[in-house]
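Worksheet: the structure to be examined is printed underneath.
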């Protein structure tokens, strides 16, 4: 009886472990595919649309799409290790150099994506709160300079620690990570130096813009309506800011679980299951796909252009498959013409209906003996 109980518990544990490994595989492949496809579409739309490409706001969106695409490329390096179902250090097949490059580039892309959202929040704040000064303050040159500083800062933050302190493959996360992430002091410094200031800037700009929007709505209600094109431009600016705010909320939802789990591991002696670390990390990566979804549903220009590009790239027969099939089934009327078969039976022959307004006649020849 005891042996039977032990066998049952062992088999249940084996089944649960197998299901978790398949779950990990589905998550890694799904998140990687969505990030890559979504951000390739992002860049295609941004680079092919004049109104999105050739302005200060568009430069920031392109930088964000490049960072998110880089996250997807780094995530693709985890597909083979997770597909082996091996949760040991031996699962990484690409060597130490590739591991170091993955740890470095992956965290640079992740950090750049998050900080670019901060830049985007400040830029949209100026556009909404100070519309008359915006074009003079936030020029294309300022936008390029700010983006360049963002990338350089991330390089300066991550290159020295990874070079000096090393890196390693993390079986729980299915990817390579910098070794300094296990040092609580360094993580604490990075949190207060980069993450918290970014969150504060985003929250403050959102609050100020909300107040400005309420004041503007009250003034417009009291004053004579402005020209139509000005109202349209202001409405577009408001929609763009709301899109950035939703992107910010999505980023916070993605980032907070990862840092909470990491802080618990560093501050307490609580041993969390490995799958908790895995889910929190890949939720963090999934934010690079969330941005694409937000673009698609909240930016009409982006939405229409992406659909247009999809229809241009996907073969036409794939898009019109149902329509062609229906035409083939409904438009093919056949005539049956009887002929004598060698065995003496009736042989039927099909013939396509001619394009004529007269009804189709069916004739049957008499059989000769």
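Just so it is clear, glycine is given a Cβ too, placed from its N, Cα and C backbone atoms.
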If you check TrEMBL, which stretch out of 279-298, 299-318 is marked transmembrane segment?
279-298
Stretch carrying transmembrane segment according to TrEMBL (options 59-80, 213-234):
59-80
Model confidence over the domain 'G-protein coupled receptors family 1 profile' (38-295) (mean pLDDT, whole number):
82
Taking a Cβ cut-off under 8 Å, which residues six or more beyond the ends of the transmembrane segment (20-47) line up next to it in the same chain?
53, 58, 61-62, 65-66, 68-69, 71-73, 75-76, 78-79, 82-83, 85, 87, 174, 275, 278-279, 282, 285-286, 288-289, 291-293, 295, 302, 305-306, 309-310
Beyond the flanks of the transmembrane segment (59-80) by at least 6 residues, Cβ under 8 Å:
28-29, 31-32, 35-36, 38-40, 42-43, 46-47, 52-53, 93-94, 98, 102, 105-106, 108-110, 112-113, 116-117, 119-120, 123, 140, 143-144, 146-147, 150-151, 174-176, 285, 288-289, 291-292
